[in-house]
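Taken from TrEMBL as is:
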type: TRANSMEM; residues: B:45-64; note: transmembrane segment
type: TRANSMEM; residues: B:70-90; note: transmembrane segment
type: TRANSMEM; residues: B:102-122; note: transmembrane segment
type: TRANSMEM; residues: B:128-147; note: transmembrane segment
type: TRANSMEM; residues: B:154-171; note: transmembrane segment
type: TRANSMEM; residues: B:183-204; note: transmembrane segment
type: REGION; residues: B:472-497; note: region 'Disordered'
2 protein chains.
Amino acid sequence: MEIESATQHKGACGRLKALPSRFKAKLITVAKSIKKLAQDDPRRIIHSLKVGLALTLVSLLYYVRPLYDGFGVSGMWAVLTVVVVFEFTVGQTLSRGLNRSFATFSACALGIGAKHLASLSGEKGEPIILGILVFLLAAASTFTRFFPKIKARYDYGILIFILTFSMISVSGSRVEDLLEMSYQRLSTILIGGAICIIVSIFVCPNWAGQDLHKLVASNIHKLATYLEEFGGEYYQNCSENEEEGCGGRDVSKNDKSFLQGYKSVLNSKNTEESLANFARWEPAHGRFRLRHPWKQYLKIGALARQCAYKIESLNVYIGTSDTKVSPEFHGTIQEVCMKMSSESGKALKELASAINTMSDDPFSSANAYVESSKTAANELKIALESASLNNVDIQAILPSATVASTLIEIVSCVEKISEAVHELSNLAHFKKIKEANVSPELSKQPHNLLHRGSVIPVLDGDSNHVVITIDHEKTDNWPENDQNPKGPNPAGRRPQV
Amino acid sequence: MEIESATQHKGACGRLKALPSRFKAKLITVAKSIKKLAQDDPRRIIHSLKVGLALTLVSLLYYVRPLYDGFGVSGMWAVLTVVVVFEFTVGQTLSRGLNRSFATFSACALGIGAKHLASLSGEKGEPIILGILVFLLAAASTFTRFFPKIKARYDYGILIFILTFSMISVSGSRVEDLLEMSYQRLSTILIGGAICIIVSIFVCPNWAGQDLHKLVASNIHKLATYLEEFGGEYYQNCSENEEEGCGGRDVSKNDKSFLQGYKSVLNSKNTEESLANFARWEPAHGRFRLRHPWKQYLKIGALARQCAYKIESLNVYIGTSDTKVSPEFHGTIQEVCMKMSSESGKALKELASAINTMSDDPFSSANAYVESSKTAANELKIALESASLNNVDIQAILPSATVASTLIEIVSCVEKISEAVHELSNLAHFKKIKEANVSPELSKQPHNLLHRGSVIPVLDGDSNHVVITIDHEKTDNWPENDQNPKGPNPAGRRPQV
């Protein structure tokens, strides 16, 4: 017994001693994750400070005597409005602020009307009629929130409408100065909303439209990176391990980021849709006009997802299949498959660059790459027709054949993306740069410089903003000899990194 | 000029006359969409009525004299709480109610502490210190909302924390009876929250956990329906149009719902995650205990999406490819491919039925189907090895080969889903039914009856609930002769539809 209790005592002591070090470790983990959150997107820190600023500004209402005398306790509605309305992007803040203001106004008007109507039926009937009105209006308004279109744009407004109507009509049965109350509520909400909108727009604004624009471009860029690297990686492994086949276990074990980057594209639908929804509320900013074709981004996003599904099946297939590959057949199609993959990758990179720079300039080379990938797909068909494989083991050609046919699908998908980006260029009036007397080969060089590094947005769960970090690693590998001082495009001058 | 103005006049008149009929048409459209919304999920109407009920209940606070005398104007916090906290599912309502209560309590305590601290520094220093405190706390709390885990569970709580802290500490500089104010705010919020939670749980509750459970089962069911129908449809078209090949234009033009059902699985990630998140807040209900393994549903959901990506590539491939198919090769693999597809479909249907009924019973047949589909995959490999195709046109076998290899991938994916559902069965303690002396063939019959019809959930954009409708069409085709009165399972008795 004594030994046991001694052991227990020792254990307890150990635990006590271990506690501070564990606590320290926990603290370090938290600090690291805070640092990572801030580094992933420094706008998060700025947003936090902006919320603090807006809240401190609205608190002034309480310290400026004339304002306090005007509003009194109602001043808290302004504080409440700032906390509830201030969101990460300008569009979301505007959407909530305008929804809240209009809903409060209409609910106040309707509430006073309802109160007047109820007062006609005497003191006993009043609460009953008001109760019935509140019930009916709340039930009807709640039901309208199920309409997908209304939910996307006016959900918050309807919530505030129910809230204000109930508060006005219910409290109206006690407080006599309803008009005064409505006026105070509305004006304090307008003050709070105005502070939010002003701080949101004029202090380091985060535009939802810009986020959507960058997200779509970077999603295409991710697909491009995968496709550009895929051919080299897959077929290189094949030729290195010919006796093993290129079932791709080597590829899947190489934990290269280009194999994972496209995965975030698969689940980008909700983020894109909510960003497009908020972008519609935003005023003209930068090169985005008031009626910028946000819907077109959703179309491009959907096509990019289609392409990502194909890459997913390609990737999973390579990762899991371990069938031995026929080197003979493989050799026949290797070159043309690599070409298909890399040319469509290059085309997508040019398209991403066209979106990023909002310029028609990269289109000429994008079109050339699309054409080149289509030519490669046709070459593949010819190669397959002319391939004289007698006594072929179909099982041995199955993996290569599947990869080839998936690549053919990807080529046609890239063509569709290209068409959609061209359409966007027309709708959004991309910069048109005259390219007379410039050969496609020359025009390719300059804008390649525009998309140095890779854009890696971090999708943040179900939050409605996107983190976009620029990865400058690749600039180290930049071909220093590729200088083209006579480039036709001033954007072609190499930035001094 | 006269003619022109006459035409204009006529046009204006026409527009005026057209207005009522257009208005009528618009009205009919709206009425139809309301009817559709209600029919898709009658729980929407019940939810709307529940909100009305909760709001009417809380309004009573104003009409019951002793309560009004206790709370006065603060009673509006109860109204506000009901409107803001009441959500579609019990889990979401609980999450918001508890978040709001705890956040208000801690913010009140901290706010009074801050007020006391600030009051020590004299009348002039007080507003400055309070302003700094509000700024720091608001900025720090806003930043914590970016942590994905905190965002998922406590986002609303942090919002209310900032709100209450600012209101208490700012208004505290004027209103002296802070404790009284805090007490009133907290108690009215508790009353409002309690009314919400009680109405939500005891009046036709919508459990997020149950929704997640049904959603995952129905997603698997959708994949199953596709796979079961696919083989017959694709190869039937091939044999009917042998001279045309089975590029599948026929399949894609047939606007059959089974070809589209799986599409909603592709984008189900966000809905599943938020439902799982709300389900964690819910108390034990029905067969779901307090610590039900909700995470396992997310795992099964992710595997189902993997499978859906493969089906997507299969489906798009069939829809777009128009290469002519070699009937010789096609004939070699047709039967075994159809078997792979239909057996994996049947396996998935049994697994969906196992989840739906929360019973181990369908596992025996699910396992049999999985084994059978794996055998078919092996048979395919053997068929491919033994196929003596001399002077083969590889281009002609490419479509069939790709379909075959995609089906092989689907078989292995179905096996993974099966393992995950077995794991769920262990974790969630599914009903175990003794099957001694029952042959697999016999045991298959009864639970086939359990999943008559098909479950068609409607994903509702970014809303956090799922509409699940039961399609009874198929019950008409139910084989009336398959009666098995000696079935070992009482659930096997045919319901009197």
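Using the three backbone atoms N, Cα and C, a Cβ is placed for every residue, glycine included.
All TrEMBL annotations are machine predictions without curation.
Keep in mind that this is a model prediction, so the values were computed, not measured.
The recorded stretches the transmembrane segment (B:45-64) and the transmembrane segment (B:183-204) share 3+ CB pairs below 8 A when only pairs 6 or more apart in sequence are counted, and are therefore in contact.
Counted as Cβ pairs under 8 Å, contacts with the transmembrane segment (B:102-122) are highest for B:154-171 among B:70-90, B:154-171, B:183-204. Remote same-chain residues near the transmembrane segment (B:70-90) are listed as 43, 47, 50-51, 54-55, 58-59, 61-62, 96-97, 100, 181, 184-185, 187-189, 191-193, 195-196, 199-201, 205-208, 211, 275, 278, 282, 285, 463-465 (criterion: CB distance under 8 Å, separation of at least six residues from the stretch ends). Same-chain residues lying 6 or more positions outside the transmembrane segment (B:183-204) and placing a CB less than 8 Å from one of its CB atoms are 43, 46, 50, 53-54, 57-58, 61, 71-72, 74-82, 85-87, 90, 93-94, 97-98, 100-101, 104-105, 108, 164, 283.
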